[in-house]
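A.B. asks: Got a structure here, written out as structure tokens. Questions coming.
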């Protein structure tokens, strides 16, 4: 089974904690602070592996967490930085932020890397906090939390040739006879629920990847049936092979089928109609096929090359494959969005609205709730087991304006303040 979209959770490693330590060596008077910094947490990195074709592996593992950095040590020894967590993805993977729907990366080339979640920096040891007024601080930071986010991975096939057509016109049968692919084949609609890939090699040694795509029905560009899933997979094919049931086994007119499918491609994305197209007039071994082919050619004219074939008996298949291989040699890729000239070096500045450092809301029990990325990060990096660290955290909140904001909201001595899963008591006349 082919999986073309999957949601996963990624988290960069937390930074290692800084250490509070002092030199205690003999004959070293006033040794001073000697606590080292923590190591950096590992990043979660996507790397394109051209040997992968599907997102199947992500069905079984959906959580990816990079290792945390090593804690700082005494004698000013820094903790070791954690190794990055490498996650391999197939070429053609689009990385989307599940919360904002923003496309973060489009990974197409072998070896291409993308850091999807950065590891946190290591916390500073007490050596970093030494000043003239406080030469022996008992302050150290906890490591910075690593980035965490929910990600949607979407895979678009990087096939050279896409087979399109109504359900049950013979696309799966054609793919099975020209490659080693073994798609499920039956005479009913929507047999091919997922794309099948096959590597095709012609007699003269040329090869290409062919995709038998899910059956298309009228209204696909609006999401009817399997339409959207089908159309996502065809976006990156360079040549379209339109398979038509020339025997009209299901009673439809072959020429009308041709018009309907092309209208769907046109409605979904204008660039799809720019791709060269070949018509594979299938089921020529069946009654009425010859007469239907004659009428079809009269209506189509020279607009598109038509190759009469029978996938079941392999009649005409060899000539079709040679024509496809010839066309691929002269057909460039068709990007859906205009690409900029790579010679033009351009820096893009993206405006992102600055979020407030904190927000204050009121709980039903009267407690004040503090929230915000900046204030939560400060909280997580504070070592509350040490009095000096607690005082430093209180000073940081005061400098951010938290105290004044709480007073404006009506906070009084003894009121409960919540931050994450912790509760504090508001002291209006706190003395540094």
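Each Cβ is built from the backbone N, Cα and C atoms, and glycine gets one as well.
Just so it is clear, the model here is predicted, and its values are computed rather than measured.
Straight from Swiss-Prot, here's the annotation block:
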type	residues	note
DOMAIN	1-158	domain 'Obg'
DOMAIN	159-329	domain 'OBG-type G'
BINDING	165-172, 190-194, 212-215, 282-285, 310-312	GTP binding site
BINDING	172, 192	Mg(2+) binding site
DOMAIN	350-428	domain 'OCT'
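Can you tell me where each of these features sits in this structure?
C.D. replies: The 10 Å shell around the Cβ of residue 168 (GTP binding site) contains 20 further Cβ atoms across the protein chains shown.
Residue 172 (Mg(2+) binding site) carries a helical DSSP state (H, G or I).
Across the domain 'OCT' (350-428), the prediction's mean pLDDT works out to 85.
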A.B. asks: Can you check which residue among the binding-site residues 171, 283 has the largest number of Cβ atoms within 10 Å of its own?
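C.D. replies: The largest 10 Å Cβ neighbour count belongs to 171.
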A.B. asks: Per DSSP, what is the helix/strand/coil residue tally across the domain 'OCT' (350-428)?
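C.D. replies: Taking each residue of the domain 'OCT' (350-428) in turn, the totals are 29 helix, 17 strand, 33 coil.
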A.B. asks: Please classify the secondary structure at residue 165 (GTP binding site) using three-state DSSP.
C.D. replies: coil
A.B. asks: Using the structure shown, find which entry in 165, 310 (the binding-site residues) has the sparsest Cβ neighbourhood within 10 Å.
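C.D. replies: Among the binding-site residues 165, 310, the lowest count of other Cβ atoms within 10 Å belongs to 310.
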A.B. asks: Please report the distance from the Cα of residue 172 (Mg(2+) binding site) to the Cα of residue 310 (GTP binding site), rounded to the nearest angstrom.
C.D. replies: 12
